[in-house]
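In what follows, a single structure is set out as structure tokens and then discussed.
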Amino acid sequence: MNMSRRRADSQGSLGPDDEVMPYSDDDTDDELEPSSEGEPEAPHAPAEMGWKVKANDRPYHHLPEFQKKVCLCIKKSRYSGNSIKTYKYNVLTFIPLNLFEQLRRVANLYFLALLILQIIPDISTLPWYTTLIPLVVVLGVTAIKDLVDDLARHRMDKEINNRKCEVLLDGRFQESKWRDIEVGDVVRLKKNDFIPADILLLSSSNPNSLCYVETAELDGETNLKFKMGLRVTDERLQEERQLAEFDALIECEEPNNRLDKFTGMMQWQSERYPLELDNMLLRGCKIRNTEECHGLVVFAGADTKIMRNGGKTRFKRTKIDELMNYMVYTIFVLLILVSAGLAIGHTFWYEEIGSNAWYLFDGKGQNASYRGFLSFWGYIIVLNTMVPISLYVSVEVIRLGQSKFINWDLQMYFAEKDTPAKARTTTLNEQLGQIEYIFSDKTGTLTQNVMQFKKCTIAGRTYGIDPVDWSWNQLADKRFEFMDHSLVACIRSRKDKDVTEFFKLLSLCHTVMVEHNDGDLVYQAASPDEGALVTAARNFGFVFLSRTQDTITIREMDQEMTYEMLALLDFNSDRKRMTIILKFPDGRIRLYCKGADTVIYERLAPNSRHKETTQTALDIFANATLRTLCLCYKDISADEYEAWSRKHKDAQLAMYDRDIALDRVYEEIECNLLLIGATAIEDKLQDGVPETIATLAKADIKIWVLTGDKKETAENIGYSFEFKMIRQANRRNELPTTRRGKKKPAEPFFPQPGKNALIITGGWLNEILYEKKKKRRRLRLRRLGKRPPPSNPQDGQPMDDYEKELRQIDFVDMACECEAVICCRVTPKQKANVVSLVKKYKKAVTLSIGDGANDVNMIKTADIGVGISGQEGMQAVMSSDYAFAQFRYLERLLLVHGRWSYIRMCKFLRFFFFKNFAFTLVHFWYSFFSGYSSQVAYEDWFITLYNLCYSSLPVLLVGLLDQDVNDKLSLKFPKLYLPGQQGTLFNYRNFFISLFHGIFVSLIIFFIPYGAFLQTMGQDGEAPSDYQSFAVVTASSLVFIVNLQISLDTSYWTFVNCFAVLGSIAIYFGIMFDIHSAGIHVLFPSAFTFTGAASNALRQPYLWLTIILTVGISLLPVICIQFLHKTIWPSVGDKVQRNRKKYEMEMQEEEKKKPPAFQRGRRSRRSAYAFSHSRGYADLISSGQSIRRRPPTRGGPQDSIREVPQREAENI
């Protein structure tokens, strides 16, 4: 490939490590600041703690030193109360604040200014009510909608603030409302209670003040977390009297949004005790499996971490919204130009004719220029209906209706979990029909996040082909499925030691908790992978039964065995492995280890067998998109263990860098291991995912998968969608781009067409985004005793912002040429950054879809955010614009609801502009015959009611109900989606077509009746050519034309549409005859002046013929053009409509022979479960604080992702 500009060489720099999860989103330069190279690292001084909380002392928190200035000299306590407020209005502020917000909208402010102008008699020829009534209706409808929304927020706030909780007041616990809780209060919480504030756990009914919490509302994870009180508070604060005497002073960090960090100190009885996150119960969590616990409120209300994480919700607007606003501005300009032209006309007319006509003398003595100035403002009022005041409220009504249709769609209802689709916003529906890029999470969004043990390889032999009957094992989990009888035969014969060791390792080397519930075993694991492995061992006859602080009991086939646990080296994403050291009943000491293949193979003994065969099996497993794990062991002598144990205890007691010290000790023992085999776990794709992605791809929607999983797993996802992978190895230093200073587009990256997919890791993404986080890398290398290579001037860093921008454009251009892009090992912040890049450089409409708390940033950044209500809590759903239960529903959301919404909105807007131009420009033509005197061509009440009653309902129903083809054909022909992406149905071209159509119709409406009335005699010998008859004829013609025109544009007829068209015409005549009656004139003589005009005019056949001629000439060209378009230049939609019956027959036949849902790729790399497995319960187990019964939890836990250490960079 010829490169127009080569990427700056980065060989001198450290390449990014493909296995490394990049830095935490919240790293700061202070945290990463390294000492000079080669020097020992000084311990970090604790950050200054400015937040002080005194237990059981409310007045303390109101001292002057804790006051902050709010406004001028008004001060209040810096400590928030515990009540929350999400509503916008109250009884006093609703009317002024809502009016203020609505009048910030330019159109509303414009009409208010018009109303003021209409009060001035010299300017206005229209009465004030012609503007006031539509303005009041529009403001009133919007205010009612805002009021309903705000009342719902009031109810929610009231419900939360009035929840009950026990608070220690006056020496005893009293029931109190959440809103009355204050910082420093001691509270008592019971099982299944929500936690009302951020609370320091003091004691609980469990041993060692252990407390289990569910954090689904906080971080989306449904597996239980444990929290522990300090030993000192656990021992001394169990009784009510003791708690009442508790007077500790807490010093801690200021309120912040870090959910993963808390630093503090408790000073009590002349002693200081360190506090950390494990001691805190955070608001939004729920107490589980703990009968009772006590805590001290540290942060309340707006200061709590969950409230601090609320963040500002980005206000999202659709492309059509922006376009509509620009078009309204265009109409403003047109209005001013037309009014100015007519005002100039009036000036010249008055000088030439008006001032010389004695019968026009009004005695005001105003000169021609001043009269022209007044005429300008008069025409601004007369032609104001060019700017459609009811447009915005009509759009809101249509969007509300579309949202309800999404909510009511039974085909997007997931019966298994009773979860319907939910449109959480009403402002973005038509944008669903314009999506070009989808950014999706993987685990839980594309996959089910339910793990199943599928295959394994033991001593070089692979198992997992035929289904197994578990009737021989009474303790088996009946839901467990495995495909291989030979493995069961091996175990039951007890002849193969490797098979025995394999399953013994699985039943012993883990941090799973167990409960005996009505004779059944219930396991709770730190991750679904670990639960799947222990369940597998259980089914194969190695049943994990119980554990204590230093023992594990299992049933090996029919024999119960207890092993002494000497050490448990827990899993984390840096180590990617976990190890247990056990003492067997016969005195032997053995180490069992399981972990990612990349780390296990580095630590195998040279004489370890089956390396190559296991490696081959791992490749096969990974090719089948299975998550793999290697198992190994080694025997340790008593002397070797004793020496290592002393080092281990020293490392555990280290004050600084304890984790680094422990890592070094772990490395010493985890070496020269012997390989047993490997496991393969399946995280199944959700039903219909490959088909959905294939259909969306046909609609020219590009899919990007952004995941924290490792590269091989992500790569296999690409293969499962049948994409040709692009290996980045040969492109690493060759990113083509545009030449500096030239606007020519860059050459395509992939000259050969085909289905390409790009895989990129978080490390490489950092290179592209140029995040300034190099310190973390240098710091880690120094800690590991390595030195980075000397700095290179061309260290891969951009020379300037222009260079940086060019490289980002390169990446976006290359990625956008691919059918799919897969970003792996990425942080939540990087997910959002990728979305921002595509929005910035491609100006494309983006959609993000995810199911966990780590997807929230991405969901908020995209134009449209979709939340999957799956296994990982509700945080993604709460931040989303649309929510449903399965990824496959996205196809229907976009291709059916999105496309229909876009077509309906475009048709509505085009017609709305047309009907207003056709209505208003009649005044323009009339001005040439009225001396440009800003006189109106219609009756005043017709002008008032035209947009409200006579023409609004049919076009509103088209905006709500119209569809070119039905939902099944919309899904069968994804190409129907393309007009939305290209924005062809509503743009400036369509706007000017509507403008010229309106000009044409207004010409016909004015000049045909004008010609018909000229020198005419009526049937009764009277001339029907008076102004009032003319106004009736033009108004009647307009109502007929507008309602028949919308009938021509309606693709989908229902009874309601038919009723609306006929009803609008009937309403027009009914109101007109009432307004023109003598009775109403007698009551209000000045407001109703057209007495008898309608009945006089419309009884003459000549005028009916004029109306018919006007309507016919207006509609005939439109009918001809539509006919020619559909015959000579039919769109895809026209062709589908024409052959609808044929396609419906074909669809019935296709349903009988559907292709298989999933096809695997031909080659791949390994995928390791170890990269997404979360930290286990080792600390808890080894402290002896977990030994109690626990009921099962609902749902499956989330794969939490943490940073892993750097390894040698792999090319993608």
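Glycine is no exception: its Cβ is also placed from the backbone N, Cα and C atoms.
Here the structure is a predicted model, which means the values were calculated and not measured.
Noted in TrEMBL for the protein shown:
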type	residues	note
REGION	1-46	region 'Disordered'
COMPBIAS	16-40	compositional bias 'Acidic residues'
DOMAIN	56-132	domain 'P-type ATPase N-terminal'
TRANSMEM	103-120	transmembrane segment
TRANSMEM	126-148	transmembrane segment
DOMAIN	161-226	domain 'P-type ATPase A'
TRANSMEM	326-350	transmembrane segment
TRANSMEM	370-395	transmembrane segment
BINDING	ASP441, LYS442, THR443, GLU530, PHE571, LYS594, ARG627, THR707, GLY708, ASP709, ARG825, LYS831, ASN854, ASP855	ATP binding site
REGION	780-800	region 'Disordered'
DOMAIN	877-1131	domain 'P-type ATPase C-terminal'
TRANSMEM	908-929	transmembrane segment
TRANSMEM	941-961	transmembrane segment
TRANSMEM	991-1015	transmembrane segment
TRANSMEM	1027-1046	transmembrane segment
TRANSMEM	1058-1082	transmembrane segment
TRANSMEM	1102-1124	transmembrane segment
REGION	1143-1212	region 'Disordered'
COMPBIAS	1143-1154	compositional bias 'Basic and acidic residues'
COMPBIAS	1200-1212	compositional bias 'Basic and acidic residues'
Next on the checklist: Let me check one thing: do the transmembrane segment (1058-1082) and the transmembrane segment (1027-1046) come into contact, meaning three or more Cβ pairs under 8 Å with sequence separation of at least 6?
Outcome noted: yes
Checklist entry - Apart from its near flanks, which chain residues at least 6 from the ends of the transmembrane segment (1102-1124) lie with a Cβ under 8 angstroms of it? => result 997, 1000-1001, 1004-1005, 1008-1009, 1012-1013, 1016, 1018-1019, 1024, 1029, 1032-1033, 1036-1037, 1040-1041, 1044-1045, 1048
Checklist outcome for this item: Among 126-148, 908-929, 941-961, 991-1015, the most Cβ pairs under 8 Å with the transmembrane segment (370-395) come from 908-929
Next on the checklist: Quick check on the binding-site residues: of THR443, ASN854, whose CB has the lowest count of neighbouring CB atoms inside 10 Å?
Outcome noted: THR443
Next on the checklist: Any contact between the transmembrane segment (1027-1046) and the transmembrane segment (908-929)? By contact I mean 3+ C-beta pairs closer than 8 Å, pairs at least 6 apart along the chain.
Outcome noted: yes
Next on the checklist: Before we move on, state whether the transmembrane segment (908-929) and the transmembrane segment (126-148) share at least 3 Cβ pairs under 8 Å, counting only pairs 6 or more apart in sequence.
Outcome noted: no
Checklist entry - Apart from its near flanks, which chain residues at least 6 from the ends of the transmembrane segment (103-120) lie with a Cβ under 8 angstroms of it? => result 126-128, 130-132, 134-135, 138-139, 325, 328-329, 332, 377, 380-381, 384, 387, 389, 391-392
Item to check | Ranked first among 126-148, 326-350, 991-1015 for CB pairs under 8 angstroms with the transmembrane segment (941-961) | outcome: 126-148
Checklist entry - Do you know the DSSP helix, strand and coil residue counts for the domain 'P-type ATPase A' (161-226)? => result 11 helix, 32 strand, 23 coil
Next on the checklist: Give me the DSSP three-state residue breakdown of the domain 'P-type ATPase N-terminal' (56-132), ordered helix, strand, coil.
Outcome noted: 34 helix, 9 strand, 34 coil
Checklist entry - Looking only at residues six or more beyond either end of the transmembrane segment (991-1015), which have a C-beta under 8 A from one in the stretch? => result 327, 330, 910-911, 913-922, 924-926, 929, 937, 1024-1025, 1029-1030, 1033-1034, 1037-1038, 1041, 1102-1103, 1106, 1109-1110, 1113-1114, 1117-1118
Item to check | Cβ atoms near ARG627 (ATP binding site) (within 10 Å, other residues, all chains) | outcome: 29
